[in-house]
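Enquirer: Okay, here's the structure, questions in a sec.
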Amino acid sequence: MLAKLRQRLAFLTRTNGTIDWGRGIRTFCGMAVPYLGGMALGNPQLGLGVGLASQLILLADMGGLYSVRLKTIFGAWVGAAIAMAVGTIVPDGWGLGLAITGFVLFASGYLAVYGEQGAMVGIVTTFAFLLGAQNVSTDSFEFTSLAIGGMWSLILAIFIWPFRPNQPLRQMVANNYSILGNYLRAMAAANFSPDDPQAQQLVVKLRQNLLKSRQTLVASQRGLWGQSKLRELLLVLIEHTERLNKCLMLLNEIVNFHNLPQLQTVEILMEDAFNALGEVCLDLGQMVLGKRRIPNTNRLQLLVQALQQQKKLQRQALTEDFNDYNSLTTVTQLVNHLENLIKQLEQTIQTAELLQNPQLFSDNNSNDQGKLNKVRLMPWWDPLGSNFHLNSPLLRHGLRMALGGMVGATIAHLTQIPYGFWIVITLIFVLKPDFSLTFQRLSNRLLGTFLGVLVMSIALKLIQDPQLLSWLGILAIAMGMALLRFHYSVAVFFITAFALILKAIDPSVPTEYALLSRLVCTLIGSAIALGLAFSFLRQSENLRFTQASVRMLTNLEQYFQQLIPALLGKESINKKEAERVRNETRLAATAMQIALDRLLSDPSTPLEKQEPALTMTNYLARLSRGFRVLISHLENSSGSNPPPPIKLFTEQVQQSLENLRFSLEHQSSPAALPPMATTIKEIREYHQSYQAQRITEINQKQDFTPTRRYLDDFNLVVEECQQIYQRLETIHSAIARFTDSPQLANGIKLKSQPS
């Protein structure tokens with residue numbers, strides 16, 4: 001029992017990122033400068049109010065393009081001013097005020113349709129609305145603070161825009177190479193194990209970052225400051241990341257195919273090669289950011305020479321054993337792909353060097369620019385309309401926020417608890433669109449608030465000087481903002497300390513009551529959030545994950561159909577259509593990974609369902625990469641006739657994918673896989689007859705024969721077919737375990753999949 005509880009609450013000790021010292025320093029300056037100005041003018045309270053208003057507005061600054069940040073911060077500023085003005089009318093009529101509160105909180109939650117920026121703008125406006133309702137006064141102190149603070153927040157966020165206009169774009173592209181470099185080093189450290197968790201996380205992160213960088217680059221074309229030539233270079237570098245990743249997939253698959261004893265030296269050399277590639281990619285990331293770091297491929301060249309020597313040794317040791325021939329072809333393929341990879345790296349390095357002087361950039365990459373221009377951004381009103389239905393988790397989130405806000409406001413009104421608006425403030429920061437995220441945020445907030453109240457109950461007895469308390473508060477909020485993405489509990493500890501220090505500076509309520517009120521309001525707000533997230537319009541995480549899995553299998557069926565004509569030797573691959581389906585499959589894989597994270601984080605998920613869900617996610621992504629490897633290899637095929645059993649194999653794969661999808665849709669045990677093992681055996685026997693002929697040809701020093709051409713075309717294909725069969729077996733077993741005790745009654749409908 002205790003072990004299960006520890007597993008459920010393990011997220012409380014887990015960090016989520018790195019400490020953002022830049023944000024902490026910005027927060028400190030944003031609070032300290034107005035406070036010092038207020039002291040100089042004899043009105044430190046106004047200075048503190050301006051600093052607080054600026055930090056409230058800056059909550060909406062989630063990074064990204066300067067233009068997006070400008071729009072987000074300006075929208076939060078205007079929205080906060082309107083919300084604060086509306087908040088002042090709430091006490092005039094309590095019934096009307098309750099209705100207005102519900103409407104404001106619904107709008108706050110529904111703004112999440114615009115992503116993280118929209119969600120934070122909603123939180124800022126709701127916060128301002130609650131402050132307006134709580135601090136109704138005849139003077140204009142709050143509005144003056146908000147007006148000056150909004151302008152100050154814009155200066156803090158984007159003052160560097162004219163000096164480094166393309167820095168967000170550079171950072172986005174540099175992150176691609178940094179993630180790729182870390183992935184390569186992780187693979188080398190894990191001896192190319194496909195099950196290494198760190199490597200798997202980096203693959204998902206790279207896929208997400210590539211998608212985000214493309215979207216960001218598209219958005220940057222809308223008449224923003226900066227040189228368009230530089231954006232063209234950055235687009236080319238994104239394309240190069242894709243090409244490098246494609247080569248690396250092939251290398252990784254080949255290394256995993258042939259785990260032969262006679263290739264131990266080759267494996268050691270490949271580990272060194274992956275480490276060297278990782279260093280080059282990390283240097284490329286620094287180079288994109290404008291730092292003087294020239295990647296060096298000399299070590300890679302030496303490792304390729306060592307592999308070429310191993311190829312000669314394998315050829316000299318060739319006997320009648322098929323494993324010896326497999327060793328030779330493995331080393332040959334590794335050398336060829338490494339050489340292609342080095343050529344691609346050299347082109348990438350040359351492109352990165354042009355970032356120092358974008359005027360030298362020619363129009364040779366107009367095709368890449370065309371890809372960018374074909375992408376269209378949706379109208380701003382489209383997310384509002386497309387999510388306005390009860391199947392949308394974001395609409396349900398808005399309704400939960402509205403109901404929770406009205407319940408919290410009612411409790412605060414009836415109990416007259418001091419600072420009762422903290423109930424609703426807790427709700428807007430804790431309640432998330434899905435239960436698992438709400439539970440994690442709630443637990444972290446309770447822990448941080450409890451520790452903050454405990455420590456401050458002692459500290460406020462020891463420190464009474466208002467000026468010293470002000471500086472301690474500024475330091476506390478700066479630490480809280482810096483730690484917000486690192487660990488939420490620790491950040492809440494400092495934010496709680498800051499809030500209690502503010503109340504101690506202006507003790508309209510005794511400090512002891514403020515401490516108790518903070519804790520009680522947090523508990524009430526958390527209880528409301530937990531109750532709503534668990535029971536009101538809640539979508540099962542099991543259902544969400546199953547829908548994402550069905551979508552992934554549907555895309556894999558379409559993806560496999562793209563390579564069938566080339567696999568059967570009938571026609572070449574339609575690259576444009578294959579790329580389109582591949583992009584849809586990548587999006588489906590990302591959605592499935594997100595659904596998996598939520599499923600694993602949901603405390604109501606049975607532990608026996610977690611392992612098969614994790615296995616399904618990993619192996620469906622691996623199956624997709626296998627299809628991609630086949631397409632990449634078949635694109636360069638010389639047109640040899642395939643093994644006759646390949647046609648039966650393709651039919652069996654199609655049938656397997658269809659059966660697995662049907663099983664998930666109807667939450668039933670999957671039908672048995674077709675007898676692919678027999679088909680694979682027939683393919684191998686046919687293939688080995690060519691290998692035997694080729695061994696004889698090599699001994700007779702015959703090159704460039706039809707036999708060699710066939711083997712060049714189908715060595716990797718046959719091995720990949722074996723891997724596809726094994727992965728389908730694993731997926732079949734995982735789905736059988738996942739559907740063993742179904743919790744869904746009526747099957748899955750894709751049209752209800754969350755957007």
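Quick reminder: no glycine exception, Cβ is built from N, Cα and C everywhere.
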Enquirer: For the annotation transmembrane segment in Swiss-Prot, which listed range does it cover: 173-193, 446-466?
Expert: 446-466
Enquirer: In the same chain, which residue numbers or ranges, 6 or more beyond the ends of the transmembrane segment (514-534), come under 8 angstroms Cβ to Cβ?
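Expert: Residues 400, 403-404, 407-408, 411-412, 417-420, 422-427, 430-432, 434-435, 438-439, 442, 445-446, 449-450, 453, 456-457, 460, 496, 499-500, 503-504, 507.
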Enquirer: Take the C-beta pairs under 8 A between the transmembrane segment (46-66) and each of 93-113, 143-163, 411-431, 446-466, 482-502. Which stretch has the highest count?
Expert: 143-163
Enquirer: Near the transmembrane segment (118-138), which same-chain residues lie under 8 Å Cβ to Cβ, leaving out any that are not at least 6 residues past its ends?
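Expert: Sequence-remote neighbours of the transmembrane segment (118-138) are 56-57, 59-60, 62, 72, 75-76, 79-88, 90-91, 97, 101, 104-105, 107-112, 146, 405, 419, 421, 424-425, 428-429.
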Enquirer: Which of 143-163, 411-431, 446-466 has the most Cβ pairs closer than 8 Å to the transmembrane segment (93-113)?
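Expert: Result: 411-431.
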Enquirer: Report, as numbers and ranges, which residues of the same chain sit near the transmembrane segment (411-431): CB under 8 Å and 6 or more residues beyond its ends.
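Expert: Same-chain residues near the transmembrane segment (411-431) but 6 or more away: 94, 101, 105, 108-109, 122-123, 126-127, 130-131, 133-134, 397, 400-401, 404-405, 438, 441-442, 445, 503, 509, 513-514, 517-518, 520-522, 524-526, 528-529, 532-533.
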Enquirer: Would you mind listing the long-range same-chain contacts of the transmembrane segment (482-502), meaning Cβ under 8 Å and 6+ residues beyond its ends?
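Expert: For the transmembrane segment (482-502), the sequence-distant neighbours (Cβ-Cβ under 8 Å, at least 6 residues beyond its ends) are 12, 15-21, 23-25, 27, 441, 444-445, 447-449, 451-453, 455-456, 459-460, 469-470, 472-473, 476, 511, 514-515, 518.
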Enquirer: Quickly jot the same-chain residues contacting the transmembrane segment (446-466) by Cβ under 8 Å, restricted to those at least six beyond its ends, or write none.
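Expert: Hits for the transmembrane segment (446-466): 12, 472, 488-497, 500-501, 504-505, 511-512, 515, 518-519, 522-523, 526.
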